[in-house]
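One structure is given here, and the rest of the page talks about it.
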Amino acid sequence: MKYELDKTDGNARRGRLVFERPQGTFTVETPAFMPVGTYGTVKGMTPEEVRATGAEILLGNTFHLWLRPGQEVMRKHGDLHDFMQWHRPILTDSGGFQVFSLGKLRKITEEGVKFQNPINGERIFLSPEKSMEIQYDLGSDIVMIFDECTPYPATFDYAKKSMEMSLRWAKRSRDRFDELGNKNALFGIIQGGVYEELRKVSVEGLVNIGFDGYAVGGLAVGEPKEDMHRILEYVCPQIPADKPRYLMGVGKPEDLVEGVRRGIDMFDCVMPTRNARNGHLFVSDGIVKIRNAKYREDTSPLDPECDCYTCKHYTKAYLYHLDKCGEILGARLNTIHNLRYYQRLMAQIRQAIEEDRFEAFVQEFYAKMGKPVPPMQSEIKSDEG
């Protein structure tokens, strides 16, 4: 993988990721949003349908695919691309976040994490080396290092110990990745909680090891938005400009806009697909809660500005009807729309950066939703100063 940076507008960056795969050269235009395919599927969607929304790269979940179907089944198919029939780039997380979210079911040591398999209860072990081996078998185009996702809230001392162990695990991940002869990309993950001085140590340590890209982890885990914005404003300028920057597990449409404002290139989140199944649909001026009875006889499309299959063919009344009846098609049509909304948003962001009008786009984006534009935390600091 190589990253090409074309243009900047303020902190916002317009570029692309270029991948050489057996099927040819694939380009991912950035800033990019990656739909999440936890179990080797974007829920309810075929790969062709996902591609039709504009998606160029997907995220797979190492932890869940390791437990089911397992490495042996994956190897028999070739890799995850062959298994799920998506022959474009795939990024896989390392499994760290899922393991650490198990709470009392797991025990962390320097070697790795022992935990109880949530499917059958057996005790299993995941380490940086094992994570690299699983992701190698998955054939991931972008592999993520194994780290501890520092929880929120966390004391300075806990966040420091956690970040330092993640740095040691980053080196072990790098070493095993290289031993396997993996020719794909490996990303480091910056930790340190809400503490700027810890984030600085993490960035410097990871850059010293050397990675193909850098993710900002440990955000969107319950901290106030102001803290997320502050950390991004602090961390992004320290990441080498010629490497892609990935904000993990984020987020709402406004989070994507705010991430790009601060220099982020890549995002992933289950929100568009999960919210679709719960009847929360993203539109240009906010959210349509399709389960609301006011849509029972509404003959208008979800979003007149949207060009997705759902908006071109169906009314709000039909989507309300499908949801009310528990029809699977309702969840599918909702998912198509939400994924297309996210891809349209990213395309609009990219175009605005190209045309040197990103800040004007930000103003328009919030004006449509009737919300104020969040201030940059650095501006607040300078005002206070």
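Numbering starts at 1 and runs along the chain as it is shown here.
Cβ atoms are placed via backbone N, Cα and C, with glycine included.
The annotation active site, proton acceptor is assigned in Swiss-Prot to ASP93 on the grounds of sequence analysis. A strand conformation is recorded for ASP93 (active site, proton acceptor) in the three-state DSSP classification.
The active site, nucleophile annotation in Swiss-Prot covers ASP268. When Cβ atoms from all protein chains are considered, those within 10 Å of ASP268 (active site, nucleophile) total 22, not counting its own.
Annotation source Swiss-Prot lists substrate binding site at ASP93, SER94, GLY95, GLY96, PHE97, ASP147, GLN191, GLY218, citing sequence analysis. The number of other Cβ atoms within 10 Å of the Cβ belonging to GLN191 (substrate binding site), over all protein chains shown, comes to 29.
Classification of CYS311 (Zn(2+) binding site) by DSSP places it within a helix. Residues or ranges marked as Zn(2+) binding site by Swiss-Prot on the basis of sequence analysis: CYS306, CYS308, CYS311, HIS337.
Across the region 'RNA binding' (249-255), DSSP classifies residues as 3 helix, 0 strand, 4 coil. What Swiss-Prot lists as region 'RNA binding' is 249-255 (among others), and the listing cites sequence analysis.
Taking H, G and I as helix, E and B as strand and the rest as coil, DSSP gives the region 'RNA binding' (273-277) the counts 5 helix, 0 strand, 0 coil. Per Swiss-Prot, region 'RNA binding' is recorded for 273-277 (among others), and the stated evidence type is sequence analysis.
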Any same-chain residues 6+ apart from HIS337 (Zn(2+) binding site) with CB under 8 Å of its CB? Would you list them in sequence order, or say none? ALA276, LEU281, PHE282, LEU302, ASP303, CYS306, CYS308, THR310, CYS311
Not counting CYS306, CYS308, CYS311, HIS337, residues with a CB within 8 A of the CB centroid of the Zn(2+) site are PRO301, LEU302, ASP303, ASP307, TYR309, THR310, LYS312, ILE336, ARG340, TYR341
Fill in the CA-CA distance, PHE97 (substrate binding site) to ASP268 (active site, nucleophile), as an integer in Å. 14
Indicate the candidate from CYS306, CYS308, CYS311 with the smallest number of other Cβ atoms within 10 Å of its Cβ, considering only these binding-site residues. CYS306
State the residues, same chain only, that lie 6 or more residues beyond the ends of the region 'RNA binding' (273-277) and have a CB under 8 A from a CB inside it; answer 'none' if no residue qualifies. 35-36, 42-44, 331, 334-335, 337-339
